[in-house]
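J.: Shown below is the structure under consideration.
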Amino acid sequence: MCFFGTVLLLACGDFVFGQDVVFHLLEGDQLGREVGNVADEAGLNNIAGEQDFAHLRYSFLTTQTPHYNYFSINNQTSVLTTNQAIDRETLCEFTNVCFIKLNIAVQSMKSSFFQKVSVSVYIDDVNDNHPVFDKPVIDLQISESVLVGTSITIDGARDADTSDRYSLQSYEVMPNDTPFQINFQKKLDGTSIVRLIVKEALNREQRDNYHFSVVARDGGSPPLSGTLKVNITISDVNDNSPKFSQSVYYIEVKESVNVSSVILTLRATDLDDGKNGKVFYRLSPHQSETVLTSFAIDNSTGDLSVIKPLKYVKGEQHVIIVEASDFGDQPLTSQALVNVTVLDVGNNPPSINLNLLSSVIVIARDQGDPALSGSATVIISVLDKNDNEPMFNQSRYTFTVNENAPAGSQVGILYATDQDEGENAVITFTGPDSVPFTIFPGGYIKTDRVLDREVQNRYEFIARARDKDHEATAVVTIHLNDKNDNRPKVTSPSQLNNTVYVDKHTEVNTMVTIIRAYDLDSGINSQLIYEIVGRNDSGHFDLHPDKGQVFLKRSLENNIGTSFRLDILVSDMGHPVLSTPATLNIRILTSNTAALVEPKSSNILIVAILVSVTVIISLAIIVIIVFIRRSDRQRRNQGQVNENFYKGVVENTATVFAAPSEESISEKKKKKGVSFSLENGVDKVSEVTTQGQEFMYDNDMERKVDDSHSLGSASDSGRGGSDDELNSSRTHNNSGDIHSTKKDWYLHHQRSYDAPMQTFLPPSNPPSYHLLPHPGGSQNGRQNYQYSDSMDPGPSDASLRSFHGRTMSYDTNSSSEGLNQNGGPSDCVV
């Protein structure tokens with residue numbers, strides 16, 4: 001449908017909108033034809049009143065669109081007339097309904113009365129166009145092997161008259177005695193999709209061409225028609241085997257015949273055309289060596305000749321198997337037998353020939369006078385020897401069987417012969433176990449299961465014919481005929497995605513989507529037809545019957561926000577016809593709205609990618625933070641151990657600690673306890689020498705010391721002494737750092753290997769001890785050390801404490817302590 005109109009906004013009082021008037025006008029060439037009276041049809045006499053009605057004036061609201069040029073209106077009488085010829089096919093091409101919409105302004109010259117009248121002028125079709133084919137004649141070539149029901153698409157006729165009444169209505173094949181019929185589907189542009197359907201089997205050997213006409217008619221009375229001449233040539237397929245003039249030949253040849261003499265000319269003909277009908281001859285390779293070495297045949301002429309001297313043998317014949325084959329892509333072969341009897345020419349000595357069962361009378365005579373004689377009958381039986389192989393009557397067999405045939409269906413039969421006798425001539429046929437067929441001993445081939453062509457459409461295997469000692473083979477090919485056992489499968493639209501969005505400004509005849517489907521069958525069983533079986537779109541869309549393309553047929557300007565539903569049926573062309581339904585929803589949108597419609601799957605994919613990337617980056621950041629914190633904690637703990645503790649061993653019996661300085665002790669007032677331990681053994685020791693003395697210290701061992709009992713700890717926080725504190729403590733000795741210059745002071749202590757570990761516990765308010773080498777050095781075998789305590793001056797006088805048989809003395813007056821060996825080295829110094 002085509003639509004033309006205008007929109008006018010007015011700003012005045014006492015006006016009325018909404019009167020609609022409909023006129024019908026036949027297309028034609030006449031000018032000044034009266035279309036109708038607008039005032040009468042709109043009932044303006046009743047609306048405006050008698051006083052204003054006489055003063056009404058009529059005019060077009062706008063004349064900017066070209067379609068207003070087709071009409072004029074009398075401003076006083078409101079009579080609408082034509083200004084020019086109106087051709088419906090030019091004005092509304094491709095549409096079956098055509099109208100022009102005009103907006104008429106009605107205004108009173110006496111009062112403020114104003115009325116807008118909408119006038120729709122429907123242009124009715126006249127049957128003034130014949131159906132026309134693009135070409136008057138077409139030539140087609142169709143194979144004789146085409147299946148019944150196969151369709152061949154040809155270009156249809158086009159009728160410019162597009163109304164339902166006068167558009168193209170039917171096609172007909174004339175004469176109607178041909179093996180073809182017509183099926184057609186109208187298209188949006190007025191043309192048709194015409195399918196030429198084969199309704200009977202074709203045989204090129206019976207008729208190789210057809211000539212007929214396809215007549216297209218419209219719906220006029222009488223109908224107008226167009227004619228297409230069709231010339232069809234039937235192409236050949238190799239469906240005929242060569243045929244000999246007779247199946248068995250009998251000839252006699254003297255044994256004295258010359259070598260290379262032609263003894264018989266065979267003729268075979270093939271009804272096929274071209275290379276499929278050209279014949280060549282040969283001797284079957286599956287026959288006795290005597291025949292193959294005594295005779296030959298010309299491949300082209302069929303002349304049978306002798307290639308070596310023949311010898312007469314009484315009662316014997318030469319049986320020759322001659323084959324004739326064509327030159328097809330899959331050659332077909334037939335065979336004939338030639339029985340050659342060799343005649344005796346009398347140049348051989350007499351001989352006795354025995355049959356398979358012969359009787360001989362033997363007579364015995366004596367030499368008396370008169371001679372007496374006696375006779376006896378001797379029966380001689382000639383036993384057969386299994387010296388002949390079975391022979392198939394052809395080297396290749398081709399059979400067909402329908403898919404879905406029940407198990408046990410017969411496919412074909414094999415033939416083979418054996419020239420031996422008795423048990424030696426009994427032939428048993430067998431086949432492989434890997435195919436779904438069973439070859440019975442008698443040569444019958446049957447299916448052993450239900451076959452599915454869609455799984456496998458062709459089988460080829462070796463069949464064997466065997467007697468007691470020999471075996472022959474032949475190739476068997478079995479083709480499966482298709483049955484229409486698969487429904488079309490619709491892939492689009494699907495249950496999860498069956499909606500398309502169409503912009504309201506989409507042009508007519510635009511393809512908006514496509515129905516996609518397939519059929520697993522073959523041939524005509526897989527050819528699909530698409531049709532709309534249910535709809536609520538008022539004919540806005542059309543569906544291509546062969547391609548499944550959905551086209552916009554009518555304008556969508558007034559259908560914004562509307563949703564249409566099309567019920568689609570996809571059918572094959574098999575017998576019986578199988579169909580699959582589908583539903584297509586079409587939603588009409590504006591341009592802006594359509595731009596916002598995106599596939600949900602794309603949004604989901606984008607969100608998934610963003611979430612995945614965010615999670616990966618977050619995990620990477622967390623791992624880096626944890627790694628850095630662990631590394632920092634390990635470095636800090638290692639630094640505390642390295643800076644606050646020095647471990648030394650003398651002869652694996654003493655433990656050495658670094659002592660803090662007085663300044664660091666005075667800064668830290670809150671001490672809770674000091675503990676020391678002496679260990680019997682160490683893992684690794686190194687020897688160093690300083691000030692002429694030998695010391696052992698452990699520079700690899702890692703010891704974990706509780707910060708609350710670490711010597712020189714400043715607080716309960718577990719923090720070791722700082723670098724400044726340690727450096728300050730080391731200023732009391734000029735020996736340097738044991739870890740760098742090995743010149744620091746050392747505590748030298750020895751005890752026996754089996755001495756127990758001593759632990760010295762300070763009093764409840766423990767002093768902080770700082771041990772330094774005494775300036776006086778060693779006297780009388782004793783090493784003197786100096787200490788200071790900022791929190792407790794220490795014992796008031798010298799005292800002696802004993803631990804596990806060891807002694808330790810304090811000299812408070814001199815602020816020094818002495819370690820008494822008591823016959824042995826001192827245990828520990830605090």
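Using N, Cα and C of the backbone, Cβ positions are placed for all residues, glycine too.
Heads up, here are the entries from TrEMBL:
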| type | residues | note |
| --- | --- | --- |
| SIGNAL | 1-18 | signal peptide |
| DOMAIN | 48-133 | domain 'Cadherin' |
| DOMAIN | 134-244 | domain 'Cadherin' |
| DOMAIN | 245-352 | domain 'Cadherin' |
| DOMAIN | 359-392 | domain 'Cadherin' |
| DOMAIN | 393-490 | domain 'Cadherin' |
| DOMAIN | 494-601 | domain 'Cadherin' |
| TRANSMEM | 604-628 | transmembrane segment |
| REGION | 705-741 | region 'Disordered' |
| COMPBIAS | 728-738 | compositional bias 'Polar residues' |
| REGION | 756-830 | region 'Disordered' |
| COMPBIAS | 780-789 | compositional bias 'Polar residues' |
| COMPBIAS | 809-824 | compositional bias 'Polar residues' |
J.: On the DSSP side of things, how many residues of the domain 'Cadherin' (393-490) fall into helix, strand and coil, could you say?
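T.: With helix first, then strand, then coil, the domain 'Cadherin' (393-490) has 4 helix, 45 strand, 49 coil.
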J.: Can you work out the mean pLDDT of the predicted model over the domain 'Cadherin' (245-352)?
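T.: That stretch averages a pLDDT of 90.
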J.: Establish whether the number of Cβ pairs under 8 Å between the domain 'Cadherin' (494-601) and the domain 'Cadherin' (245-352) reaches at least three, counting only pairs separated by 6 or more residues.
T.: no
J.: Can you break down the domain 'Cadherin' (494-601) into helix, strand and coil residue counts using DSSP?
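T.: Counts, helix then strand then coil: 12 helix, 48 strand, 48 coil.
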J.: State the non-local partners of the domain 'Cadherin' (359-392) in its own chain: residues 6+ outside its ends, Cβ under 8 Å from one of its Cβ atoms.
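T.: Distant contacts of the domain 'Cadherin' (359-392): 284, 286-288, 321, 414-422, 424, 427, 463, 465-474.
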